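Undergrad: Sharing a structure with you now.
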Amino acid sequence: MGMSSLKLLKYVLFFFNLLFWFCGCCILGFGIYFLVHNNFGVLFHNLPSLTLGNVFVIVGSIIMVVAFLGCMGSIKENKCLLMSFFILLLIILLAEVTLAILLFVYEQKLSVYVAEDLTKSIDRYYSDNSTKVAWDSIQSFLQCCGVNGTSDWSRGPPPSCPQDPQVKGCYTKARLWFQSNFLYIGIITICVCVIEVLGMSFALTLNCQIDKTSQALGL
């Protein structure tokens, strides 16, 4: 691999990470928007920090940091930044694989836990404003009512529930959506993993080539 190939690889990795940095900025922006407007607030009171805004902020920040390391490491041909980029991508990839395995193994227990916690949160609808905002936002967005249906609301369905008497519950509707789009979700997940592996491969290749170039120039 000559100097021209090294430059090509360097700029491919740079623009590849620059694109992801902008994606991270967008995700972070959505997270801040949700936090400011308090949309999709607390539904799981056992996990009060697990809100859509917090998740978006964390994910967006991680993407921005990793992409920044990739950008700077490639354009500056800095081995330390490139290896940091490689290690962070490896950690993220291992975390994704571990999470996928845990979700598969504990799917049944997780489903029961989520359904129970959502049912408990309905009791807090009239006493906790963040729970009220979360349920109103989700029911309006998904056009659903309650966890399994309108019968979950002991005082009667709130105004955010659709008027259709046959309306499905939010948990039921979310599960049906996930099952019907499982193939597409799987394809997207595999594509993300492939992109991460390619990014790691480019970083290692560029790192090795920097060594070879330095040796050839007697540095």
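Glycine residues also receive a Cβ, built from the backbone N, Cα and C atoms like all the rest.
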Undergrad: Looking at TrEMBL, which one of C145, C170 makes a disulfide with C161?
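TA: Checking TrEMBL, the candidate bonded to C161 through a disulfide is C145.
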Undergrad: Scan C144, C193, C208 and flag the one TrEMBL records as disulfide-linked to C170.
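TA: Disulfide pairing in TrEMBL: C170 with C144.
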Undergrad: Which bits of the chain, at least 6 residues beyond where the transmembrane segment (12-35) starts or stops, bring a Cβ under 8 A of a Cβ in it?
TA: 51-64, 66-68, 70-71, 74-75, 85, 199, 202-203, 206
Undergrad: Return the count of C-beta atoms lying within 10 angstroms of the C-beta of C170 (disulfide bond), excluding that atom itself.
TA: 24
Undergrad: Could you round the CA separation between C161 (disulfide bond) and C170 (disulfide bond) to a whole angstrom and send it over?
TA: 10
Undergrad: These are the disulfide-bonded residues: C144, C145, C161. Which one scores highest on other Cβ atoms within 10 Å?
TA: C145
